[in-house]
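Student: Here you go, one structure.
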Amino acid sequence: LCLFLFLCYLVERPNTRNLRLAVSLIATPCFLLLAFAVRWAAKGRLLINVVTTMSGLLLAVRCMEFGLLKRPLGRLPQGHSSPRKTGLRHSVMQVVWGSVDLSINLRGIGYEFGQGAGLKLPPSSMASPVVRTQKQFLTSKLRFSIPVNYLISDFISTYCIRDPSIRALASGSLRLGDLPISKRASALGAFIFGVPAFLSLLYDLIAVFAVTFVPAQTYDQWPPLFGAPWLSESLHEFWATRWHQVLRHTFLLTGGYPLSRLFGRSGLLIGAFASSGLFHSIMLLADGAVAFPWSTFHFFAIQALAIALEEWFRIFTGRRVGGFPGRVWVFGWLWLVGRGVCKLLWTSLAEFCVLSLGPSKVKRGFKPVSMTFV
C-alpha cells in the first residue's frame, strides 16, 4: 500500500516515468497475490474475501496504468477545463493527502483522466439535490440520503431473512424455477433499488467522514453515486449516467480501449462490458461460487448489444429511445437477460444477510429496524 501511495505521488510529477515503471513492476504482483492468493477460511468472512479480491485487482490495474503513463497525470482546478500544471508541493501533508486523494478517486473527478473518459455524473434528484456549500452537503446526507438508503437496505435484508423460500434458494434446497414469477421479478427490483441503496449508504458514510475530517477533501469531490436508475429512459442512460461510474475507467482500461484499437466504437462497447462481466464474475468467485458464474458474465457482456440496438434505432428512425416506451424497454431488457442472475442475486443477498446477522441472532429475537414494518 505504501508503494501504491508513492506511485500516486510520482504520477503527478514530471520526469518520473522510469521510476514509476520500476515501482509498478514491484507493486503489481503483490496486489495480484492479494487478489487471488489470500483467502479467509471462515465462511462468515466471505465479505472480506470479496473486499480483498476486488481491492487487490483494482490496485493492480491502477499500478499498471500509472507505471505505463507517458506523461504526468494532470488535475483539473475548479472552474477550469485545462489540466493544472504539475509541480512539487511545499507541504509534506499536502503531498500525503494529495496521494491519498488520487488513490481513492476511481472516477477521476477533478483529474485529467476523468475528463478524457467522458465521465457523466448522475443528475440531481430529491435524494441527491444540488448543493453549493459544505453545510448543505452534510445536511442532505445526514437528514435524508443516509437514513433513506439505510431503511431500504435494511428492509431488503429483513425480507431475505424472513422469507423461507429465499433462504432455501441460498442453501440449494430450492431451484429458481420453483419460485413464483412475482418472487423472480422482485429480484429485478432488488437490483435496481437495493444495490444503489446499499452502495450509496456506504459511499455517503465515507463521504461525510472524508469531507468532515480529511483536509484535502471537499464536498464537490463527492457527487452522487447513483442517479435514480429506475427513471432511465434508455439503457445508454441507465449504464452511462444513472448507474454508478466507479469502475468505468477501470473497465475502459482493461477492455474498452484495447478492443477499440481493433474494432472502433464497437470494440469499445464490447470490451468495456466484457471487462465488467469478468470483474463481477471474479467477485462472485471470491464470494464462494464453486464454478465460474457464466450467467453473470453474459448479463454484463450482452449489454453492449443493447446499446448497439439503441444506436441502430437512432440511425434508422432519426429518434432516440426515450419516454415511457424507453422505460418499458429498459425494464423489459433487464428482466429478459437478467433471469439467469436472479438466483445468484437472491443467493448472495440471503447468504450475506444470514451470515452477517447469524441465524442464532434471528432466533433469539434480533430485529433490524425494518422488521417492525414486515
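Glycine residues also receive a Cβ, built from the backbone N, Cα and C atoms like all the rest.
The transmembrane segment annotation in TrEMBL covers 21-40, 46-69, 188-214, 262-282, 289-309, 329-357. Annotated domain 'Wax synthase' per TrEMBL: 222-301, in sequence order.
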Student: Based on DSSP, tally up the residues of the domain 'Wax synthase' (222-301) by helix, strand and coil.
Tutor: 58 helix, 0 strand, 22 coil
Student: Across the whole of the domain 'Wax synthase' (222-301), what does the mean pLDDT come to? Round it, please.
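Tutor: Result for the domain 'Wax synthase' (222-301): average pLDDT 88.
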Student: For the transmembrane segment (262-282), what are the same-chain contacts with Cβ under 8 Å, counting residues 6+ beyond its ends?
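Tutor: Distant contacts of the transmembrane segment (262-282): 53-54, 57, 247-248, 250-252, 254-256, 292-294, 296-304, 307-308.
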